[in-house]
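Here is what TrEMBL records for this protein:
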type: DOMAIN; residues: B:290-368; note: domain 'B5'
type: BINDING; residues: B:Asp346, B:Asp352, B:Asp355, B:Asp356; note: Mg(2+) binding site
Amino acid sequence: MKRPQTQVAVLQAADAQEDRRIDEVADEADCKPEAATRAAFELEADGLLTVTEETVSHYELTEEGERYVRESLPEQDLYAAATDAGAKEGPVQMGQVIGASGLEGAAVDIALSNYARKAYGEIDSGEITANPDADPGADPEMLALEAVADGRVDDADADALDQLERRGLVDVREETVRSVRLTDDGVTALMEGVEVAETVDQLTPELLTSGEWEDVEFTEYNVEADAEDVRHGKEHILRQTANRVKDTLVGMGFQEMEGPHADAQFWINDCLFMPQDHPARTHWDQFALERPDEIRDLPEDLVERVRSAHREGVGPDGEGYHSPWTEDVARGMDLRGHTTSLSMRYLSGHQVGDLEPPQRYFSVEKVYRNDTLDPTHLLEFFQIEGWVMAEDLSVRDLMGTFTEFYEQFGITDIEFKPHYNPYTEPSFELFGTHPETGEIVEVGNSGIFRDEVLTPLGVECDVMAWGLSLERLLMLMYGFEDIRDVHGTLCDLELLRETEVMH
Amino acid sequence: MPVVDVDPEELRYLTGHDEKDDEELKSDLFDLGLEFEGLTEDDEFQLEFAPDRLDRLSVEGVARSLRYHYGDDRGVYVPSTNSADWTIEVEDQPEERPYVTGAVVRGLDMSEEALESLIQLQEKLHATMGRKRAKGAIGVHDLTMLKGAAATEGEGKSITYTSADPDEATFVPLDADAEMTPNEVVASHETGQTYGDLVADFDRVPAIYDAIGLFSFPPVINGHRTEVSEDSRDLFIEMTGTDQWTIDRMCAIVCYALEARGGRVERVAVEYADDAPGEYAGRTLERPDFAVRTKTVTHDRIESILGVSLDEREVVDYAERAGLDATPTTGDDAAYEVEIPPYRVDVIHPLDLIDDIGRALGFNSLEPVYPDVSTVGGRHDRSRLEDAARDALVGLGFEDLLNFHMINEAENFERMNLSVPDDGDGSDAGTVGLDEPVTIQEPYSEDYTILRTWALPSIMMVLENNTHRSYPQDLAEIGLAAGLDDSENTGVAEHRTVAGALARTDASYEDAKARLQALADAFDTDLSTPSTTHPTFIDGRAAEVVLDGESVGVVGEIHPTVLVEHDLELPVAAFELRLDGLA
């Protein structure tokens, strides 16, 4: 038979003839009492050992008890004083007796109550008698107290011990003492020979399938030691942010848009009622393409309506711009400077067919701006774009929608600062409180699309829209200082690996 | 966004609010949308604002807006003008710059501040409405230095807007002390060099003459003779451009500013010759154009845009506080005739008036409401597919990357051991990464000149920039790649590409294929990998990625040439395939 080391030692230390206390066994087995106890129970479960338990009471004198042993009990002092005063013959004045006894304070009460209990005499109306038959010299409580003090608890009267415990003169502590004794099987096993089982580091398939695991002992590990670094793949932090935004918007009833990154200026600028000589339409702001330089087909009727909106305006009192407008410019290809080009494609009905109100659409996609690369500006970044199409939308609806959206990201107290965009009126810059620093920061741009945008597209109800940069949201939420560390080929892998996941 | 420098002392003087301290002024200006950006060297406020209210490009204009804001002024104000004494005769002017406008302003006390403000207004209008002087350019002259010729009609005096031979005509330009021809100005005068491009294609250049001779060469520079100084009392303003409306509006803005300084505006007749180029041949215009435009706004539209109920009295009140005048119409539908002052270049539709009413009411006083509109949300198929593929790659242990779609040809091709594809000969068709690239016109940075045709070059760059970080580096990206494609309406074929690379001391073809196999299995597609050659990969260790019978990518061990080029000292196994191959 093979047993783990501790079990073998406990088995060998146990005796078949008499119970042996576990602490003695542990001493002999050279292990801790807890380990010996655990081994004993395991051996008992296998029938090799019996374990018996008994409760032992330990008595100890309290401080008060120790003092009485050295001196005497207060009631004994009182009896002696009363006797001296002649109380055996008849009642004497109590004050006189107490004064003579030398008792003071709490000791007086203790003396009086026990005096009466033990029938040393009677106390009545300020007078005291002493019972001539009493024998304070042989007081059982005093004897028991002395027995405890001398370690002779077994000699002490049990009632007296209880009384001492009640009087707070001794403390009683109970202890479970386990003892073991070899069973016949245990004896047999020892006679047949018990070997120490090997300890193993690794639980192997062989150990499991062979059943050997039952006989092995596992080496103890330092479970507090550092483990090796494990690398896990992780979704890019900006993708996580994008997905969080997408989840939020889908939850608010928005459908996702999709469309070309390289697109005609028509969809990027002209549909948005950006005049063709607008300063932001130069190549310094948007990337114009060399190849291809022109889109092949634009919807003719829409081109005509957009041209008319630019040149003549929309509605009886619309003026349009006093800027040149040519289809050639509109056909020019750019990398989109905003994803509002997608909104134009969708609203025009050319992307997914004509849309009937109400509709909500969004995208979280890349846009391209010809700007200087610096810690907060990239040539490419993600724009969150969203719009709501419905009858009779007001600026209050716009405020309510965006307040709700930003609250999902911990940005509350959104302020709406009236602003100007060529494509929306009224327009608002959105400001919110930075969740970390408490600063007021710009968090987006919004507005209600102008008639000059919607009428050419064939939209007859209201559409409100807004946009913001995803990177800005990320920087607000996570406090990144240099966006180039995460986005682009200059990214630092260590930073990506260590960045907390979004939850 | 335009920035205007404004002296707070001037603001107090022009608004008549001496009691306002700087902080109060800043706060009032913020309410108008003029943000305090800092102080200039002369302790003037630098104010930034959205480019709609170009009438606020001067301290006079800002002060006017404040007076409306304070309620000191209400409704439309139009300065009175005296009848025309001067005529601008227009004949033989360049057809590329056919329009001119003007005004005379008399009786000014040109303090240093007033002169500075005028110069600033001129510069800012040039930069904005004037489109860097191409669309409109302003010339301001000391009237006393002009000698008018007798006008063709009537008693008055005239100057002439015409054209001149750039090598013949001469004048002494500003900041010069010798006669120069227009071509000499363009060649050697500092201002001429800046604005010379505007007339580079002109056979004959724009020129303005009086009885003495050439005194202005618009849109480049004025003559020295008529230069305005602090001693000037009477000014002649001329503006030339490519659009009459635009220069007339610019002129109105300048005249309003000078009128606020105590000037008296006098009209100028602009007399286009019968054969003059442009839309106004044979017509005489009285300028400045201070005509008040009107637009009709319905009460319903005001209420529906603002989301509040208003009564007629409130609408009229808000309009007046915005410097407009609203008169209820007498028709069946509740509506207003709204009068718009001539300096309001931004009002081009009734909606713009509703915005003004909203601002006067205070948008931030409105209570937000969540629109009672029910729609069903959802993701686009492509975006869901992309996310699922990304999850699978992340599960395989790849670090997900996000790189720029723009790159340059060296990174995209040459450093990957590919040659830049030739124009359209099709010989490279089918080789992953070898599409002809979409190219950017006049790129700002030489690092970003094309759209990437594949994503592995971006991943190689990340490996190159992270050689100091611990290995293995298993990197993946799903993102845009694009190439020229005549069959597309835009001429660009865009697709999402899936790229992965394993950089580790023992990276092998098998490591890459194993992960590719797992990815293919995850999408229940059948992977086969017939041998291929690709210059980026080692021969004999490269294969096509064929999913469900369609070739969608490439897998293999990166060629040592490419590794060394990227300063890598360990092998890299990689794959790249079209995302739609997994669909």
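Cβ atoms are placed via backbone N, Cα and C, with glycine included.
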B:Asp352 (Mg(2+) binding site) CB neighbourhood, other CB atoms within 10 A: 22
Least Cβ-crowded entry, counting other Cβ within 10 Å, from the binding-site residues listed as B:Asp346, B:Asp355, B:Asp356: B:Asp346
Tally of DSSP helical, extended and coil residues in the domain 'B5' (B:290-368): 33 helix, 16 strand, 30 coil
Model confidence over the domain 'B5' (B:290-368) (mean pLDDT, whole number): 94
